[in-house]
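Here's what TrEMBL has on this protein:
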type     : residues : note
TRANSMEM : 20-46    : transmembrane segment
TRANSMEM : 52-72    : transmembrane segment
TRANSMEM : 84-101   : transmembrane segment
TRANSMEM : 107-125  : transmembrane segment
TRANSMEM : 146-169  : transmembrane segment
TRANSMEM : 200-218  : transmembrane segment
TRANSMEM : 239-258  : transmembrane segment
TRANSMEM : 278-300  : transmembrane segment
TRANSMEM : 309-327  : transmembrane segment
TRANSMEM : 347-373  : transmembrane segment
TRANSMEM : 385-407  : transmembrane segment
TRANSMEM : 413-432  : transmembrane segment
């Protein structure tokens, strides 16, 4: 396959400028996406939600990737990658501003609309930036480049819930849904109103930052990528005729589902076993993902190929999921062994196992993307849109988890992850090799 990089305005001297620009976007993806882990238990208090209702915060965010993937792909075809990214940042800013009326009214429906608009903006950003980072250099090192982006993404994910807790909940020590529910009506109304008002300034600040970044991205010089159809493999008229792509989208569906469950339900699970200030628990999962990305940078492709990295990640995910099902809610052995000596607060072993899923999840995304986009040539943009639609797993699987939790219990519902990791492992072993149905 031939991939040509041409200048959009003037030729950059190296790949450094594009890497910095796209890296900034990936940091934004991570910060906004993993705010959900803190936002879900927060809105559960503000809007008096059940656990499955609270998970609709993630549903509306991730379902935007399905609904808007093809329209955003059409926009990219018309505008190109760079202008499309600018449009995406503008949409994200609009969605963040919608949190202002949502916070003032406490209407859950407006919060959900804001989440959908933010998700729509991230859809076009993801659709543009992921194939861009794959195609800007050699295919063999694509997973390593995506790992660098993922490192920025997950580092932002570590910061997001911590900053959320500091900026919004610093005046509410040890707050939990149970403690708020135990208040009388007047005290509960006053507390909820004060908590909601704390959202406004940070979200307006983030919206302004998005607009500033959009203006900067519009002016920066990025190389435009032009792809040609592959000459050494069959070229099809429909992207659905490429098995490696379709199966890759299914693998991403399961991956994003298990990733969101690990990152966004850890707070709900912590709340259910009596942990206070659970909005910061997502940071544990994201910290584990950062460690995983660092390992990926060292091991791929020198030690592990992209498909073997995916297989290893899936195997670790299966092991940790079994550990979650049997780990204690009352002991802190894992925390004491791994991080308590560094001043990081200990958490129950079951919560620690959920957090360590971040280590298993870290290299799945950067491994699946280049495997799925291999040999697509001129269909890369449309193939990317199909992969982005796989992010629907982040909308659907957490709701399935919530339904199972209502039936069997929150801990037992994590058995759902076994299906996801098994599917990813199969793709890494066999599915990515298929070139015909």
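Backbone N, Cα and C define each Cβ position, glycine as well.
Curation plays no part in TrEMBL annotations; they are all automatic predictions.
If one looks beyond the transmembrane segment (347-373) by at least 6 residues along the same chain, the residues whose Cβ comes under 8 Å of a Cβ in the stretch are 130-131, 134, 139, 142-144, 146-147, 149-150, 154, 244-245, 247-249, 251-252, 255, 258-259, 262-263, 265-266, 269-270, 273, 275, 281, 284-293, 295-296, 300, 306-307, 309-310, 312-314, 316-317, 320-321, 323-324, 327-335, 338, 380, 383-384, 387, 411, 414, 417, 421, 424, 427-428, 432. Using a Cβ-Cβ cut-off under 8 Å and counting only residues 6 or more beyond its ends in the same chain, the transmembrane segment (146-169) has close neighbours at 19, 22-24, 26-35, 37-39, 42, 129-130, 133-134, 175, 195, 198-199, 202, 263, 277, 279-283, 285-287, 289-290, 293-294, 296-297, 300, 358, 362-363, 365-366, 369-370. Outside the transmembrane segment (52-72) by six or more residues, the chain places 33, 36, 39-41, 43-44, 84, 88, 108, 111-113, 115-120, 122-124, 126-127, 256, 260, 264-265, 268, 385-386, 388-389, 391-396, 398-399, 401-403, 405-406 with a CB less than 8 A from a CB of the stretch.
Same-chain neighbours of the transmembrane segment (20-46): 53-55, 57-58, 61, 85, 89, 92, 96, 106, 108, 111, 115, 118, 122, 125-126, 129, 132-133, 148-150, 152-157, 159-161, 164-165, 168-169, 175-177, 180, 192, 195-196, 206, 210, 213, 217, 220, 222, 260, 263-264, 266-268, 271, 278-282, 285-286, counting only residues six or more beyond its ends whose CB sits under 8 Å from a CB of the stretch. Remote same-chain partners of the transmembrane segment (385-407), defined as residues 6 or more beyond its termini with a Cβ less than 8 Å from a stretch Cβ, comprise 51-52, 55-56, 58-63, 65-66, 69-70, 72-73, 123, 126-127, 130, 239, 245-246, 248-261, 264-265, 368-369, 372-373, 413-416, 420.
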